[in-house]
Amino acid sequence: MMYHIPGVLSPQDVARFREQLEQAEWVDGRVTTGAQGAQVKNNQQVDTRSTLYAALQNEVLNAVNQHALFFAAALPRTLSTPLFNRYQNNETYGFHVDGAVRSHPQNGWMRTDLSATLFLSDPQSYDGGELVVNDTFGQHRVKLPAGDLVLYPSSSQHCVPPVTRGVRVASFMWIQSMIRDDKKRAMLFELDNNIQSLKSRYGESEEILSLLNLYHNLLREWSEI
């Protein structure tokens, strides 16, 4: 399943990020890509050795960790270190699949269950550059407002078509979920959404408490901690 997570960063935060990224050191995006991806990747990334990068990636981690909808959809166990990329002048990233595991500075290795892109450019400011994802439901083309994030299974083939006008800047990361199975995770997300909707409409009740009990028992049964 694919999820749109709005408002991860406020407009003020986005503007500050963009201003700081204008001063960043950018390097060839292939430095963080395996052999397969390097053949189709042509973009730039912020140098991960820079002081600015360390500060910005911490802010992204704090923002996603505090976003209730992100947590409900991803049920994250481990988040990768966020990276930042830039596309301009017909730069592109052809169809590829993210690696199944990635190194992690604290945990050694992590499994990539979900991929996330946090958009930092106004969609009207550039042409092309949509995130194109192929999954069992067909092809999806995603171009969200700055500050919004999209979550999708890391097992999906995806690409970024050439940016023919303007500049597309984004942050991206991977998530190892407490729930490995996409279908089980989607069911828990739907159940959680319905519980929250019923609570806001009718207040607390024995029936809602029973559904909460069901949710947590399923999470307890399926989670890998």
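These residue numbers are counts, starting from 1, taken along the chain as shown.
Yeah, the Cβs are placed from backbone N, Cα and C, and that goes for glycine too.
Record check: Swiss-Prot places His96, Asp98 at the Fe cation site, and the matching candidate among His4, His158, His216 is His158.
Per-site Cβ counts within 10 Å over the binding-site residues His96, His158, Arg168 peak at Arg168. Rounded to the nearest whole angstrom, the C-alpha distance between Arg168 (2-oxoglutarate binding site) and His158 (Fe cation binding site) is 16.
Mapped onto three states, the DSSP output places Arg168 (2-oxoglutarate binding site) in strand.
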